[in-house]
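For reference, TrEMBL has these:
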BINDING   48, 110, 180, 388  Fe cation binding site
């Protein structure tokens with residue numbers, strides 16, 4: 001499993017195949033198994049659905065039709081109070097779809113974006129070969145064998161209307177690979193998208209055990225994992241008389257017309273630090289203008305590899321927290337009500353080099369990024385690192 005998300009008053013663990021598991025938040029036992037494809041025809045979905053304030057859940061999936069594969073947005077409406085049926089899955093429906101850019105090699109999707117008026121689907125040139133997927137199943141080969149990287153193709157950014165479900169804007173950028181969109185929002189006839197980007201998907205090969213065993217002898221190993229947070233600014237009403245179509249102040253991101261009439265966007269860096277597994281004050285600022293995000297350092301060759309990072313997207317300044325031989329998990333922001341930066345950061349803690357049975361929970365002040373406290377304990381054996389989590393407030 002990759003992530004954990006609430007569906008109404010239930011909690012589900014997600015992978016990228018459309019089978020999710022309901023877990024008991026009190027004891028973490030698995031209580032049920034749901035095949036989402038029984039309710040909506042998909043063969044893949046992301047491990048990062050979006051949970052809205054009204055309880056609705058949206059996710060990006062891949063569906064196949066007679067005309068080829070489509071990237072689709074599925075909505076799971078909230079269950080009405082006092083009603084036992086139908087549940088959120090039985091009410092699932094497709095609210096938007098676009099044909100895959102490469103029908104035989106649809107783009108790999110790990111996350112997507114939502115603003116007030118748009119769904120954001122980024123089609124990167126990291127693709128999944130349909131033929132290779134079939135062969136991998138027949139040969140019992142690892143899924144990574146089905147990935148294809150087209151380094152000479154641009155990245156395509158699609159904006160789909162949430163009202164009509166149709167494609168309304170399309171932009172192109174330099175080639176990059178990504179897993180996580182940090183946040184996205186609309187402002188003054190522009191859409192801003194912040195993403196943790198890689199130059200290429202070499203990090204996938206860096207996760208093989210044999211590669212990790214020899215990483216100290218590989219001078220390029222560190223660069224594989226160096227993901228940089230960048231900001232794209234997409235002009236919705238471009239002025240053709242301008243060379244740079246971006247009219248927002250406070251950003252160095254640019255956009256310009258290509259000879260064929262398409263718009264090419266160039267990002268700005270949000271931080272010189274490598275970042276991954278980014279989190280924001282999700283409940284208050286998903287799809288809205290925001291200032292801060294939190295992440296894990298992706299600079300594996302630095303002294304504080306695994307440091308937690310806080311990035312100010314306005315002044316481009318960063319704060320870090322680290323401890324020798326400690327490897328914290330994705331930082332989860334728990335807000336004080338109605339505040340963007342006032343709250344705490346929670347992160348699981350693991351240690352290496354002789355302390356692999358040591359586990360902890362770290363609490364940081366979100367504003368100062370200083371430690372407020374921790375709890376530590378010993379486990380019977382080593383504990384693997386987690387990927388993504390969710391803070392569930394105690395029910396009253």
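Cβ atoms are placed via backbone N, Cα and C, with glycine included.
Predicted automatically and left uncurated, TrEMBL annotations should be read as such.
Note that the structure is a prediction, hence the values are computed from the model and not measured.
Shown on the structure are the features that TrEMBL records.
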residue : record                 : CB count, 10 Å
48      : Fe cation binding site : 21
110     : Fe cation binding site : 17
180     : Fe cation binding site : 21
388     : Fe cation binding site : 19
Can you check what DSSP calls residue 180 (Fe cation binding site), collapsed to helix, strand or coil? strand
